[in-house]
Amino acid sequence: MNVPVLVINCGSSSIKYALIDTDPEAPRLAGIAERLGSPDACLKGKSSAGDKFEQALPNADHTQALSAILERLEGRTPGAIGHRIVHGGEKFTQAALIDASVVSAIQATAALAPLHNPANLAGIAATQKVFPQLPQVAVFDTAFHQSLSPTAYRYALPESLYAEHGIRRYGFHGTSHAFVSQRAATLSARGAGGWLTAHLGNGCSTCAVWNNQSQDTSMGLTPLEGLVMGTRSGDVDPGLHAHLHRQLGWSLDKIDDVLNKQSGLLGLSGLTNDMREVEEAAEQGHEGAMLALDVFCYRIAKSLAALSCALPSLDGVIFTGGIGENSPIVRRRVVGLLPHFGFALNEIRNDAMIRGQEGKLDSDQHTGPEVWVIPTDEEGRIAMETCHCLEVQA
Ligand code: AMP
């Protein structure tokens with residue numbers, strides 16, 4: 001079934017939306033309602049003519065924001081709603097048509113994503129009010145990684161923590177890793193084989209994909225595990241929490257806040273969580289920024305090397321996300337840290353990559369593993385999975 005899909009990504013005080021038409025060439029209507037529930041709530045977006053708009057929505061809640069979004073769809077009617085849901089636990093291995101049982105299953109998983117799943121559910125409730133006639137589909141960030149084997153997803157912890165409390169690695173950014181690896185399988189002569197994907201944005205994760213299936217990934221129980229991110233630390237010694245508590249008297253809430261919001265590029269550089277600013281400051285010799293860039297790239301390379309153990313053979317690496325798509329510096333550094341993989345990055349192609357472009361960055365006549373940039377399209381993938389789910393149900 002191919003229908004226009006309104007993709008909704010609902011946070012506790014924001015709603016991102018995109019209307020994905022059945023015609024891939026049709027301009028996308030997209031935007032974000034922010035600071036919901038506060039006096040300075042507003043809706044920002046782009047019309048199909050490409051004009052930007054900003055509309056004040058003082059004290060608007062999710063339902064009011066969705067009504068304002070509906071007004072911005074320029075009379076185009078969606079045939080379905082696709083919701084990005086952060087955590088599907090072990091229950092959801094693919095997208096699901098939303099009914100009461102799916103809502104309760106998402107509720108039951110809220111303990112694993114206390115910040116995200118309740119907000120996603122608020123989005124579903126508001127959307128059902130504003131678009132009561134439309135089918136709604138839940139597309140999970142975790143679902144793509146449900147193909148991981150216990151070897152990859154189990155922590156070396158007592159069995160009961162897994163069996164009774166669901167403590168295991170789940171992985172996130174599934175729609176992005178799925179999209180770019182399947183795109184590479186289509187674009188590359190090597191097809192669907194062994195691909196390492198690096199989604200590098202404000203949140204960052206890597207994934208090993210074999211034959212279009214996730215084998216392992218860097219994020220775990222929560223999206224804090226793994227790489228250095230904008231404000232998230234990524235991997236630290238699990239003993240750190242006890243150490244900070246005992247030595248500095250920090251509460252768990254404070255430690256959680258520091259690791260999630262004050263670490264990563266921001267913590268290391270002491271300046272910013274924005275990679276463009278980190279690169280500029282590093283260029284000017286700022287020591288914190290140079291260290292942040294070094295650690296960021298080293299940890300990506302280390303993660304890719306580790307994940308290569310999950311693949312029988314390697315066909316290439318794919319960079320995506322705001323940093324992966326737009327930073328030749330990060331791509332060059334990461335590939336440079338993996339000399340034994342046999343990549344051959346063409347510096348001119350790497351530097352010439354234009355925002356939004358996809359392509360292979362290899363030197364001519366190179367026959368080893370490839371290096372690709374593929375812009376991610378999480379909204380497009382959610383729309384595709386929404387249509388597929390409706391088709392299966394029909
Ligand atoms: P995302 O979360 O995917 O939107 O990615 C946001 C990150 O991409 C931020 O750290 C930005 O600084 C980074 N980014 C965007 N454009 C560039 C660029 N031209 N060079 C380096 N980093 C960039």
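From the backbone N, Cα and C atoms, a Cβ is placed for every residue, glycine too.
TrEMBL labels come from automatic prediction, so no person has curated them.
Features reported for this protein in TrEMBL:
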- Asp141: active site, proton donor/acceptor (ACT_SITE)
- Asn9, Glu378: Mg(2+) binding site (BINDING)
- Lys16, His199, Leu200, Gly201, Asn202, Gly203, Asp274, Met275, Arg276, Gly322, Ile323, Gly324, Glu325, Asn326: ATP binding site (BINDING)
- Arg84: substrate binding site (BINDING)
- His173: site 'Transition state stabilizer' (SITE)
- Arg232: site 'Transition state stabilizer' (SITE)
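Sequence-distant neighbours of Lys16 (ATP binding site) (same chain, six or more apart, CB under 8 Å from its CB) are Ile8, Asn9, Cys10, Ala30, Gly31, Ile32, listed in sequence order. Checking the binding-site residues Asn202, Arg276, Ile323, Glu378 against ligand 1 with a 6 Å cutoff on the Cβ atom leaves Asn202, Arg276, Ile323, in sequence order. With every protein chain in view, the residue among the recorded positions Asp141, Asp274, Glu325, Glu378 whose Cβ has the most Cβ partners within 10 Å turns out to be Asp141. For the ATP site, whose binding residues are given in the record as Lys16, His199, Leu200, Gly201, Asn202, Gly203, Asp274, Met275, Arg276, Gly322, Ile323, Gly324, Glu325, Asn326, the maximum C-alpha distance rounds to 23 Å.
A 10 Å radius around the C-alpha of the residue listed as 'active site, proton donor/acceptor' takes in none of the binding-site residues listed as Asn202, Asp274, Ile323, Glu325.
For the pair Glu378 (Mg(2+) binding site) and His173 (site 'Transition state stabilizer'), the Cα-Cα distance reads 9 Å. Calculated from their C-alpha atoms, the gap between Arg276 (ATP binding site) and Arg232 (site 'Transition state stabilizer') amounts to 17 Å.
Just so you know, the Cβ of Ile323 (ATP binding site) picks up 27 other Cβ atoms within 10 Å once every protein chain is counted. When the C-alpha distances from Asp274 (ATP binding site) to the recorded positions Arg84, His173, Arg232 are tabulated, the minimum falls on Arg232.
Cα separation, Arg84 (substrate binding site) to His173 (site 'Transition state stabilizer'), rounded: 11 Å. DSSP assigns Asp141 (active site, proton donor/acceptor) to coil in the three-state reduction, placing it in neither a helix nor a strand. Counting other Cβ atoms within 10 Å of each Cβ, the recorded positions Arg84, His173, Arg232 show the lowest value at Arg84. Mapped onto three states, the DSSP output places Asn202 (ATP binding site) in coil. Of all the binding-site residues given, namely Leu200, Ile323, Glu325, none has its Cα within 10 Å of the Cα of Arg232 (site 'Transition state stabilizer').
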